[in-house]
Amino acid sequence: MGSISPLPLTPDASCCPREVILEKYQQERKKRQLNCVPDNEATELHHKYAPVQGVDQPSYTRSPIITDSKVVIIGGGLAGLVTAVKLKTQGINDFVILEKGAECGGTWHWNQYPGAACDIESLIYLPLLEETGYVPQSRYSSGAEIRAHVARIILKWNLGEHICPLTQVTSTKWDESKLRWEVQTDHSDSLTCQFLVLATGLFHEPNLPRIPGSERFKGDQFHSGRWDYAVTGGDPAGSVPMDKLATKTVGVIGTGASGVQIVPRLAQDAKKLYVFQRTPSSITARDNYTMTPLMTEPVIQKPGWQRARMVQFCEMLEAEEHEMSDKDGTVAEGFDALSLRKVLNGMRKDDVAPAQMGELYARADISLMESIRKHVSNTVDDHETAEKLKPWYPFLCKRPVFQNDYLSSFNRSTVELVDTNGQGVSCLTEKGVVANGKEHEVDLLIYATGFDYEIGTPFYQRTRIHVFGSHGQTLDDAWADQGPSTLFGIHIRDFPNLLYIGPCQAGVTFNFTHTIYEAADHISHVIGDCLKDGASFQAIQPSIEAQSDWVKQTEEGSEMRLQYAQSCPPGYFNGHGRPEKIPARWGYYPKGIKAWANAMRECRAEGMKGLERW
């Protein structure tokens with residue numbers, strides 16, 4: 001299946017007038033805005049249906065660890081593992097990785113639902129391919145292939161001896177008198193370290209909505225990020241059917257990225273499937289195929305090929321002038337829809353006036369969304385169902401989803417879309433789900449309702465970790481009023497020797513592995529410089545001036561971003577419909593990932609410019 005064709009700057013003649021479309025966008029946003037109440041607290045139901053350690057985890061007891069290390073890394077996902085490898089490359093082996101799950105892998109450990117897969121090209125998403133010599137089997141790797149690669153990384157660099165699994169960090173505190181971080185866990189561990197790396201990830205803490213009657217439902221229920229194969233049958237690899245669903249009626253609440261991947265597999269195996277939708281996703285095709293040596297060998301021959309390919313992907317999305325051969329261009333195939341960004345960057349280079357820029361961008365956006373809505377009509381047989389599956393909002397309001405089989409699943413007689421007209425489900429009963437005033441009886445209910453995302457969400461809510469800085473203030477308290485203040489999104493004043501990996505104030509592209517690479521490079525070099533023999537300092541933090549300047553850069557263009565977010569239906573990108581409540585400094589670094597990486601390299605080249613040392 002091909003990707004959506006490149007965009008014209010004006011809508012197709014066949015689509016509705018622009019004014020009609022924009023009015024439709026506003027109507028759809030308003031009806032959802034009135035019924036959007038984000039859940040900010042964990043409840044007993046949260047712990048029951050989305051347990052911290054997941055389902056079927058082994059019991060794990062051990063003696064408390066009391067030790068001092070150079071580095072403690074919190075999180076054994078891709079960010080934590082890549083950072084660990086980079087530390088070893090710097091000759092630093094005195095580190096501990098604390099992981100709350102039974103295994104490492106982060107997002108891919110928790111999200112083992114059927115159909116879980118990456119929609120970024122595997123050659124740039126799977127980290128450390130060049131170093132391990134592994135070539136992915138598919139253009140877009142399955143969750144099973146990614147988890148196998150995580151195990152490969154751990155084995156190659158002997159990281160197993162550094163990892164403490166099933167260990168939830170509860171608090172960390174900076175001791176200025178000792179220049180050490182104190183780390184406490186749920187195993188009564190007492191660790192100290194000179195450097196603390198927060199690699200706590202993005203999609204691991206389930207967002208479980210408070211639906212009245214959840215405790216009364218008599219069937220099974222769980223969050224998609226804590227899939228229970230004992231209930232469904234099957235396995236994470238998808239090698240066998242979910243045979244226990246053959247006689248069951250299943251309900252799925254949520255049609256975001258996870259729900260879209262789950263539905264096709266459930267449609268195959270369940271006796272009956274109800275899909276409860278508040279807001280439809282924008283669905284485009286994903287052209288997956290087996291990677292052959294003929295395809296990969298020209299790519300992987302040159303040293304440094306993976307980093308170079310990540311940069312090529314970034315350059316294509318940021319519309320930079322770059323000569324690329326046909327085979328290089330395959331890195332962004334399927335991302336033609338993201339040429340919106342090229343439109344925007346092209347206007348910036350041409351010094352288009354801001355007022356005119358918004359107009360041209362809106363036209364391009366409408367054209368793209370008309371293409372996506374037409375794709376729905378061409379795929380879904382039933383006209384009424386197709387109309388309900390059409391997204392009516394600007395393209396980047398919600399995460400774009402690339403999936404071939406989701407829309408066609410609704411052509412099955414056993415699959416029924418329950419569109420809630422933007423209101424969400426009303427409540428649960430003993431037998432099922434009430435939506436639109438009607439009870440839908442189900443045997444199993446699956447919450448594909450996403451995760452607590454970083455932007456605008458308190459750190460403790462996402463991690464269950466209190467982080468205390470040099471003045472006894474928590475990270476959440478420090479950021480409560482105006483939002484985050486950082487240098488590069490990594491260093492935080494009054495939290496010495498703390499190094500943070502996340503999207504906030506950092507360079508971000510659709511391939512978050514690229515962000516991880518650049519952050520891990522910087523972190524490992526900074527720690528390496530501090531630990532060099534003869535180093536005259538043991539602690540670092542950003543200067544007031546450097547941090548303030550970085551925050552100011554992050555806030556640039558915030559007015560245009562706010563205006564766009566206000567046009568969107570509620571979601572985690574816009575604070576669940578209240579973007580004005582989220583300070584601009586929660587945003588990404590607006591100049592892009594390459595400028596971000598260059599700024600960090602300049603810092604290191606100029607003797608850690610912008611960092612105080614003592």
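All positions are counted from 1 along the displayed chain.
Quick reminder: no glycine exception, Cβ is built from N, Cα and C everywhere.
There are 19 other CB atoms within 10 A of the CB of THR107 (FAD binding site), with all protein chains counted. The FAD binding site annotation in Swiss-Prot covers GLU99, THR107, TRP108, HIS109, TRP110, ASP119, TYR125.
Here Swiss-Prot flags THR255, GLY256, ALA257, SER258, GLY259, VAL260, GLN261, ARG278, THR279, LYS398, ARG399 as NADP(+) binding site. Secondary structure at ALA257 (NADP(+) binding site), taken from DSSP and collapsed to helix, strand or coil, is helix.
The site 'Transition state stabilizer' feature in Swiss-Prot is assigned to ARG399; the stated evidence is similarity to another entry. According to DSSP, ARG399 (NADP(+) binding site) is assigned to coil rather than to any helix or strand. Cβ environment of ARG399 (NADP(+) binding site): GLY256, ALA257, SER281, PHE573 lie under 8 Å away, each six or more residues apart in the same chain.
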Cβ atoms near ASP119 (FAD binding site) (within 10 Å, other residues, all chains): 21
Residues that sit under 8 angstroms from GLN261 (NADP(+) binding site) by C-beta distance, when 6+ apart in the chain: TYR113, GLY115, ALA116, ALA117, GLN403, TYR406
Farthest-apart CA atoms of GLU99, THR107, TRP108, HIS109, TRP110, ASP119, TYR125, residues recorded for FAD, distance in Å: 25
Proximal residue to TRP108 (FAD binding site) among binding-site residues THR255, GLY259, THR279 (C-alpha distance): GLY259
GLU99 (FAD binding site) versus binding-site residues THR255, GLY259, THR279 - nearest by Cα: GLY259
Between GLY259 (NADP(+) binding site) and THR107 (FAD binding site), the C-alpha gap once rounded to whole angstrom: 15
